[in-house]
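Remarks on the structure that follows.
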């Protein structure tokens, strides 16, 4: 390779000089518009410069602007072993094998000879099982060998740090503050430490298999503990990161990038519910009616529910509809009072978040509109009259035929109970009768 370190740094400097002053596009966009003939220097052509850049850029992360990316590439050229690549340094001490891998390496050749027909995967499964079945006394030999070599590794690592202070210093300098963990990550790391105290020889796969499904089975109370821890860590990170950005303005990190939540939507809702956030009521009387009716329609196929709600709503008298309208208005008033109480209990930034969510819900959540409210205005009447009418479902025809008979036979049943019974009767019908 005829490219010296000095040549590579010159290439990056030439690229930097040919970037637009307001470089805010994705790096690929700016890269595609770059005039490589202007970047060319010495006896390196534009095409050669482009090829070398492709090679260098493969070694650095790329979710930033090209200006920022070149800065990182300069660091990589000056010190290719910094950060996570430190372990690739030829002088970096070799990590000791875990107790299980010692056993595996010792026995693999013997078992491969005994079972030549077996694949590597099958051999691994057998040896993993054999290791688990070993008595503790025999396992101890592998554990002690591992611990002895681990101590030696730590001594060699300390010596490596003394011999290469520039690498360690560069690694530390180049690292931005660690991003905050999600509640699940915090919980997993905590449980992993406990698990490894009991099973120090466990593999990463075994730990994951053991802990994998436990998070989803945690009670809300236990999950809230880790949600609060994650929020505390996020707050600390924001303070540290703002200080870091002041010292490194060239990073061009937005406020949004710092304050991005580590909670999932479900975790955020759980915390809000725990903090006393009220549940938003249906937007109109028809939606309220549908919500109540659907709660008692678990036997009805989901595809049929909205159709049935619409058809049932049409059967209500105006007096019954007015009662739902009044009930809906009251629910909205109660909700507004409860929401204000909830907002008063929150810090200002949380108030802004909740108000923002409420605004979005208001604009996006148009809710179900009643069939009656969909009547067209004079201007749109013609257009809507031309729209083909949706056919009545087979289930609805069956329900309307049987409803009157059932009402006479079972006068004690409410409308929702009657609807559920009709749905069950429909489901029990043979395909021929349907």
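Counting starts with 1 at the first residue shown.
Note that Cβ sites are derived from N, Cα and C of the backbone, with glycine treated the same way.
Restricting the average to the DNA-binding region (93-161) gives a pLDDT of 86. Sequence annotations record features per position, and here TrEMBL assigns DNA-binding region to 93-161 (among others).
Marked as DNA-binding region by TrEMBL: 177-245 (among others).
What TrEMBL records for 279-343 (among others) is DNA-binding region. Taken residue by residue, the DNA-binding region (279-343) breaks down under DSSP into 51 helix, 0 strand, 14 coil.
Among the features that TrEMBL reports, DNA-binding region is placed at 388-434 (among others).
The compositional bias 'Polar residues' annotation in TrEMBL covers 366-383.
The compositional bias 'Basic and acidic residues' annotation in TrEMBL covers 399-413.
For 93-161 (among others), the entry in TrEMBL reads domain 'HMG box'. Across the domain 'HMG box' (93-161), the DSSP tally of helix, strand and coil residues reads 56 helix, 0 strand, 13 coil.
According to TrEMBL, the feature domain 'HMG box' maps to 177-245 (among others).
For 279-343 (among others), the entry in TrEMBL reads domain 'HMG box'.
The domain 'HMG box' annotation in TrEMBL covers 388-434 (among others).
The region 'Disordered' annotation in TrEMBL covers 356-415.
Non-local neighbours of the compositional bias 'Basic and acidic residues' (399-413) in the same chain are 308, 419, 421-423, 425-426; each lies 6+ residues outside the stretch with a CB under 8 Å from one of its CB atoms.
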